[in-house]
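Let me begin by presenting the structure, written as structure tokens, before commenting on it.
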Amino acid sequence: MIKNHFQIQRLKKILAKVKSFESEMAGLTDAELRKKTQEFKERLAAGETLDDLLPEAYAVVREADKRVLGMFPYDVQVMGAIVLHEGNVAEMATGEGKTLTATMPLYLNALSGQGAMLVTTNTYLALRDAQEMGQVYRFLGLTIEAAVVADETENLTPKQKRLIYQADIVYTTNSALGFDYLIENLAENKDSQYLSPFNYVIIDEIDSILLDSAQVPLVISGAPRVQSNFYSIMDTFITTLKEEEDYHYDDEKNEVWLTSKGILAAESFLDLEHLFSKENQELVRHLNLALRAHKLYKKDKDYVVRQGDKEAEVVLLDRATGRLLEMTRLQGGQHQAIEAKEHVKLTEETRAMASITYQNLFRLFRKISGMTGTGKVVESEFMETYSMSVIKIPTNQPVIRQDLPDQLYQTLPEKVFASLDEVKHYHAQGNPLLIFTGSVEMSEIYSSLLLREGIAHNLLNANNAAREAQIIAESGQKGAVTVATSMAGRGTDIKLGPGVADLGGLVVIGTERMENQRIDLQIRGRSGRQGDPGISKFFISLEDDLLRKWGPDWLKKLYKDYSTEEVQQHPVQLGQRRFRRLVAKAQRASESSAKMSRRMTLEYAQCMKIQREITYAERNRLIQAEERIDEEISRVLSQVIHQAAYEQSYETRADLYRFILDHFSYHAERIPYDFDIYSPEKIAELLQDIAEQELQAKKAYLKSDKLFTHFQRVSVLKAIDENWVEQVDYLQQLKTALSGQHFSMKNPLVEYYQEAYDGFEYMKERMKQQIVKNLLMSELALNPKGEVIMYFP
């Protein structure tokens, strides 16, 4: 906190400079205020920096905010805006106006002409903020666009996207930006590209995007895989295993693997001798997928089974928010393994065409900043991973919410009934209540109990999230009772209804401590916004998931069989200090494990990041290279010919002829009887002649240098893309296959890096051969419009 105090003092000095321009800006006409934008651009061109301009530019935006929106940013909002410009994280409490705060750094950084972007977690917020705040930017002469559309079925064309991303300021969502990046890197030509270089970004709810979503990569799926029958076989096998005897489950690392006895059981079940030999890699992959499906993925925590239009389906849940992740599937066959576990129809397993994690996506920006209500507790991770400080911004009004001590019980039913008594007490007074649960299942249990007590309420979980923003916004009305899963309503302000403040404000009841402290803070933060009164309280039992998973072994002895009737009448609160310390220790252990898991994800993703950047850079170089495509092709052709002539041997003329028919030309003449198949020079000369004949024939047929260049470029890009798809898919399968090899005394990460490197080198060789094959062995045709139609081998 001492460090934060000094940071605040430093920010106040810059704030004073901003305020020194206040009266001057207030005296300007609208036209004069608007002219400041051009003046700032000219001063930048003359050598001033954005830091030099900040005090005056922020004063301009404050005045524009007041004139256009009727809102003048508070001093604390200006301090948050300074933090954002500096590329750090501003921790600002709920209701402190993060949306308005962002107008200042977005305007300032957009003055450079290199673009500024605000990324939020959902389409509704991106469109709302772009529409409302966009009035300010347009008033000041800047362009602003939203890169998302309300109708998710509507697809923007590359031309429309190019216009959007060329705007000075862009509002979008993390997923939309990620998919736009991946899709652009599958483009065949310049006309299909649309992104501007990534310059400056503000990430709203930065901890949710960069930490909580860090382990779910964005994936574009392509061609389907051949469906395997191993899923049901392995699912059956897993049900025969006993924990600790046949497999070990590590709570802390959230990993599971076979013991030596389990390996023998697998070899016996599958009638194999060596389970982990190279030829059994696909079996091992499916075995690991099934094991993970049964032990790592929990129904109603990580996914729900929902009745679809025709059949039941597995739909993923966002653990942090409790929301359904529609249209999202686990990759590498994990989704199908869960479907096999739940005995629903298996969906088609597809290959991953392109993939990136949010960590690596946002590292592409020159400068990252972010806003959140709960960043300070994970400051060390932001500093280690992104070199960003977290600065806690004071609230504009003092927080007067009462955070009451936790109530701790031995059993789950005791806790539930005690919390229900608390709900009835406050409901009788007329206080609005917001009850947060840790799972869909618990939210529905509380809903049933409230119905039994005759208490009308709204239930908000993954099964009925359509009216989320509306339900949360109305939950501050007198007598309102809302039951919700952990983080519902993030980004939505709860305003108190008439008379509620006199009753003590909104009461937030947490029915369990969550697996990280940030979610608990966010739950508390639903109440007591902008100086409003409020109350928050958590009810905990020793049987909660947090303590079951992360508590000490001696705690398990206290679990007992119980009669619901008995505990309902006499819930006994645990008051001993040792129990209270347990919760904090369990939460720290959980957070430490999650941090380690994110670090491992980043280390695995780093390997793909390097390979992806090399591949995408090569693609873009070819798309941009108008004249140099011939040189590139000559270089690749020479390498492939050299390899075929000098590094391969042919026993007979028939062998050489078969090679030519498979890789160079369908039209080649038979090899002369006197041809020396043992002379690499002769073979190289022959292959060079055949290649030149094929290329000249295609060029003559097209009768256009432009069409021929287009054909060459598409041939090369197709080879790159097909082989990169194979490599992405291979890396995903490799990670799964190696994840279960803990018994082997080898570091899975080191093994992964070595195998991935070898795979990448092999991919590059395959790619060169495919380029030559595409160029020489494709069939061409011209349609009536004069466009070339290509049929690749």
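Numbering starts at 1 and runs along the chain as displayed.
Backbone N, Cα and C atoms are what each Cβ position is placed from, and that goes for glycine too.
Taken from Swiss-Prot, the feature ATP binding site applies to Q77, G95, E96, G97, K98, T99, D493, supported by sequence analysis. All protein chains shown were included, and the count of other CB atoms within 10 Å of the CB of D493 (ATP binding site) stands at 14.
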Most Cβ neighbours inside 10 Å, all chains, among the binding-site residues G95, E96: E96
Comparing the binding-site residues Q77, T99, which residue's C-beta has the most other C-beta atoms within 10 angstroms in this structure? Q77
Mind giving me a neighbour count for G97 (ATP binding site)? Other Cβ atoms within 10 Å of its Cβ, every protein chain shown. 17
Can you name the residues of this chain that are 6 or more positions from K98 (ATP binding site) yet have a C-beta less than 8 Å from its C-beta? G80, A90, M92, D204, M371
